[in-house]
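**Student:** Can you keep this structure in mind? I'll have questions shortly.
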Amino acid sequence: MNSFGNWPLKNKQGNDYGFIKGLWRDLRARPVDTLVRWQEQRFLWLLMAIAMGGLIILAHSFFQIYLYMAPCEQCVYIRYAMFVMVIGGVIAAINPKNIVLKLIGCIAAFYGSIMGIKFSIKLNGIHHAVHNADPDSLFGVQGCSTDPTFPFNLPLAEWAPEWFKPTGDCGYDAPIVPDGVTLSSVQQWFVDLYQQSEGWYLLPPWHFMNMAQACMLAFGLCLILLLVMSGAWALKLARGK
């Protein structure tokens with residue numbers, strides 16, 4: 001028995017996984033009931049929390065500390081949005097069948113994903129402007145501050161400056177290695193990779209998908225999933241009346 005039902009892990013031939021087939025079969029046959037059952041399990045909520053928490057740790061520990069890519073104001077706002085989603089996922093995962101806990105988790109997740117998209121769009125606009133050959137593209141672009149103002153006036157930069165204090169400029173995310181620092185061969189390879197591409201890209205040699213766009217994609221996928229799950233939950237509640 002697994003948390004999604006009674007589907008076996010392997011089919012009779014032992015070649016395919018009947019688990020995935022069972023999920024798909026139930027989703028097609030009873031989409032609303034299946035989606036509601038999924039969100040009443042801890043797996044999806046913990047998956048969201050782990051995914052967003054993992055992105056925060058990756059940005060801080062690998063890119064900021066290991067590769068010396070300083071976070072800008074919008075970057076730490078994006079981390080804040082991800083952190084809110086982590087909190088929402090953990091709260092809902094305590095007991096997904098509890099309406100109050102799940103509602104708190106949903107609100108936090110929706111808020112985090114929407115704010116994250118907002119911050120990512122702004123950062124993408126700044127990134128496009130500063131990397132545009134036309135100097136007029138910078139007209140009207142608001143610069144970044146090293147003194148961030150988080151929603152609800154949360155002093156996150158004071159509580160956890162290593163994680164939420166901006167030290168870089170928006171749009172410029174190439175590694176800046178301090179003088180006197182000796183890099184390992186692996187560090188040097190990554191630093192050279194991102195310096196040659198003049199910043200972070202999912203595929204640096206081709207300048208494919210900058211950091212802001214990648215964050216937009218992550219937040220957007222979460223928002224779509226939340227909308228689908230919440231819609232199924234609301235429909236289920238409406239049918240029960």
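Here, residue 1 is simply the first one shown, and the rest follow in order.
Cβ coordinates come from backbone N, Cα and C, glycine included.
For C72-C75, C144-C170, the entry in TrEMBL reads disulfide bond. The feature transmembrane segment is assigned by TrEMBL to 43-69, 76-94, 100-121, 214-235.
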**Student:** Do me a favour and check the Cα-Cα span between C72 (disulfide bond) and C170 (disulfide bond); whole Å is fine.
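**Tutor:** Distance (Cα to Cα, whole Å): 5 Å.
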**Student:** Counting other Cβ atoms within 10 Å of each residue's Cβ, which of the disulfide-bonded residues C72, C75, C144, C170 comes out lowest?
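**Tutor:** Result for the disulfide-bonded residues C72, C75, C144, C170: minimum number of other Cβ atoms within 10 Å at C144.
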**Student:** Would you identify the secondary structure of C170 (disulfide bond) according to DSSP, in three states?
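**Tutor:** Where C170 (disulfide bond) sits, the three-state DSSP reduction gives coil.
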**Student:** Can you give me the Cα-Cα distance between C144 (disulfide bond) and C75 (disulfide bond) in Å, rounded to a whole number?
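**Tutor:** Approximately 10 Å lies between the Cα of C144 (disulfide bond) and that of C75 (disulfide bond).
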